[in-house]
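S.K.: Structure below; questions to follow.
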Amino acid sequence: MSTPGEFYNSLPPVTKAYGTLCLLTTAAYHLGLLNPLYIALHYPLVFSHFQIWRLVTNFFFLGKFSINFGIRLLMIARYGVQLENGPFDKRTADFLWMMLFGAFSLLVLSAIPWLSSLFLGVPLVFMLLYLWSREFPNAQINIYGLVTLKAFYLPWAMLVLDVLFGASPLPDLMGIIAGHLYYFLTVIHPLAGGRNILKTPMWLYRLVARWGIGRQQEAYTRPGSRPETSSTSGVAFRGRSYRLNQ
């Protein structure tokens with residue numbers, strides 16, 4: 001059995017960085033070092049006072065230390081890690097691009113008045129859960145030792161549980177919307193004969209290669225080249241068209 005330090009060091013870079021920032025943000029809040037209102041998403045302050053950092057920092061607060069916080073952090077450690085080590089293995093730039101696209105989608109959704117939220121960390125984590133459920137649709141999931149179901153239905157089961165426990169379903173729904181938008185643009189639309197309009201930009205490949213994070217495909221380091229992807233599927237979930245029939 002690995003030690004906590006060994007487990008932490010074995011985590012893939014993007015998921016590890018995001019989970020660590022979420023943990024540190026909540027720890028800083030409990031230590032009285034951070035007022036969450038200073039990092040919350042508030043568009044009037046973003047545009048009128050140029051507090052641009054709020055567009056990023058709001059994704060790092062998952063709430064105070066609680067059972068719900070622990071569940072969200074475990075979701076990052078499980079579903080984010082399995083995605084980054086699985087379909088995104090050796091494709092760190094693609095995984096980072098997926099996270100950036102999800103964050104941007106959630107920022108747009110939050111601009112809609114009835115979807116507005118001060119913090120978008122929970123929706124971003126739920127987006128990871130949704131994409132994981134599409135990548136591993138037949139995996140058997142046991143919920144609290146009471147119900148066993150296929151992973152394909154897990155996001156909806158978690159949404160129902162949140163409602164039953166008195167939480168708002170909006171963060172979960174926003175995550176599902178953002179996740180499905182990414183899945184549609186990178187998988188469903190290309191498989192239907194459309195063009196993949198969400199390819200990872202070359203500058204991000206070069207940036208990841210320059211930083212030396214993750215395990216990169218050789219093509220990342222060759223100027224003017226792009227990692228090979230399937231012509232019939234999107235950037236993620238390559239060659240897995242069976243998911244459309246779930």
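Backbone N, Cα and C define each Cβ position, glycine as well.
Annotation source TrEMBL lists region 'Disordered' at 219-246. What TrEMBL records for 17-40, 52-76, 96-129, 141-161, 173-192 is transmembrane segment.
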S.K.: Taking 17-40, 141-161, 173-192 as candidates, which has the most Cβ pairs under 8 Å with the transmembrane segment (96-129)?
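M.R.: Counting Cβ pairs under 8 Å, the winner is 173-192.
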S.K.: In the same chain, which residue numbers or ranges, 6 or more beyond the ends of the transmembrane segment (141-161), come under 8 angstroms Cβ to Cβ?
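M.R.: For the transmembrane segment (141-161), the nonlocal Cβ contacts are 126, 129-130, 132-134, 169, 172-173, 175-176, 179, 246.
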